[in-house]
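What TrEMBL annotates here:
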- 29-51: transmembrane segment (TRANSMEM)
- 41-308: domain 'G-protein coupled receptors family 1 profile' (DOMAIN)
- 63-87: transmembrane segment (TRANSMEM)
- 107-128: transmembrane segment (TRANSMEM)
- 149-174: transmembrane segment (TRANSMEM)
- 194-226: transmembrane segment (TRANSMEM)
- 247-270: transmembrane segment (TRANSMEM)
- 290-311: transmembrane segment (TRANSMEM)
Amino acid sequence: MWPNGTSLGPCFRPTNITLEERRLIASPWFAASFCAVGLASNLLALSVLAGARQGSSQARSSFLTFLCGLVLTDFMGLLATGAIVVSQHAILFDWRAVDPGCRLCQFMGVIMVFFGLCPLLLGAAMASERYLGITRPFSRPAGASQRRAWATVGLVWASALALGLLPLLGVGRYTVQYPGSWCFLTLGAQPGDVAFGLLFTFLGGFSVGLSFLLNTISVATLCHVYHGREAARQRPRDCEVEMMAQLTGIMVVASICWMPLLVFIAQTVLRSPPAMSPSGQLSRATEQQLLIYLRVATWNQILDPWVYILFRRAVIRRLHPRLSARPRSLS
């Protein structure tokens with residue numbers, strides 16, 4: 001517990017930022033525009049997905065189910081977090097006065113962790129599904145692929161939610177972060193804060209690493225099939241190449257957006273001497289770095305739908321007409 005007053009909850013750390021500084025940092029127009037672009041992008045992707053699901057094969061239907069879960073997660077994440085952040089930036093409310101019991105802060109901390117981990121875990125699940133579909137195409141019953149995909153998406157959501165609820169059970173803490181417009185896990189030196197921070201970074205980093213490993217094997221397998229004439233004649237590979245291109249793009253976007261934040265959290269909670277003082281203060285440089293890395297991570301929710309929208313065969317063939325003229329058996 002920090003010395004923040006007897007009537008205030010445990011989410012308030014000592015801060016020394018003025019209202020004028022908050023006005024310079026927190027732009028309601030930028031936040032609102034960012035959320036609007038993200039929501040519109042995900043809605044566009046959902047409409048394209050709805051059309052693509054009609055008449056698709058079993059393997060593609062399963063992959064599109066994962067994509068639908070990913071886009072829905074990104075949309076709901078932008079909607080939930082954006083509503084709080086845009087409101088805070090628009091009226092610059094004092095979090096201590098509006099939420100003295102820290103319930104809003106804890107809610108935002110849960111959804112920040114939940115919607116942050118879900119895209120990474122879903123990316124690993126999609127990579128696993130494609131790995132099995134390419135390297136062991138006959139090892140699974142085709143009829144249950146879509147049900148299994150939705151079950152996996154539900155399991156990912158449940159796992160991310162369980163992790164996000166840990167601070168409410170005493171493992172780690174959610175606190176108001178600089179410049180006082182959002183809540184996230186605490187970069188403190190207490191055992192609970194360190195354990196929660198490392199668990200969050202481990203799951204996120206492990207998901208990215210697993211995606212990279214499985215996608216590399218899947219791409220190598222597709223390249224081997226592509227160059228083998230007899231194997232290439234067995235069935236068309238257009239669909240699988242398209243899915244792997246989309247999945248690789250999703251992996252690259254997630255890595256670029258999230259790895260800086262994950263590495264920064266791990267380095268900060270393991271720093272010696274601790275980055276956070278016993279009174280709960282962080283240096284201004286550390287707080288600014290956390291804000292910058294968080295903003296970079298949120299771009300993942302905007303770029304994910306565009307990876308799917310732009311990496312479709314119809315778009316690629318318009319950009320490269322030669323691809324549509326290739327023999328079907330070798331495409």
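Cβ coordinates are placed from backbone N, Cα and C, and glycine is handled just like the others.
The domain 'G-protein coupled receptors family 1 profile' (41-308) scores a mean pLDDT of 86 in the predicted structure. The stretch from 63-87, 149-174, 194-226, 247-270 with the most CB pairs below 8 A to the transmembrane segment (107-128) is 149-174. Beyond the transmembrane segment (247-270), the same-chain residues lying 6 or more positions past its ends with a Cβ under 8 Å from any Cβ of the stretch are 63, 70, 116, 119-120, 123, 126-127, 130, 185, 187-189, 193-194, 197-198, 200-201, 204-205, 208, 211-212, 215, 218-219, 286, 289-290, 293-294, 296-300, 303-304, 307-308, 311. Listed as Cβ neighbours of the transmembrane segment (63-87) (distance under 8 Å, sequence separation of 6 or more from its ends, same chain) are residues 28, 31-32, 34-35, 38-39, 42-43, 45-46, 49, 52-53, 56, 93, 104, 108, 111-112, 114-116, 118-119, 122-123, 125-126, 129-130, 133, 146, 149-150, 152-153, 156-157, 181-182, 243, 246-247, 250, 298, 300-302, 304-305, 308. Sequence-remote contacts of a segment are chain residues at least 6 beyond its ends whose Cβ falls under 8 Å from one of its Cβ atoms, and for the transmembrane segment (194-226) they are 113, 116-117, 120-121, 123-124, 126-128, 130-131, 134-135, 163, 166-167, 171-173, 185-188, 232, 237, 240-241, 244, 247-248, 251, 254-255, 258-259, 262-263, 265-266, 268-270, 330.
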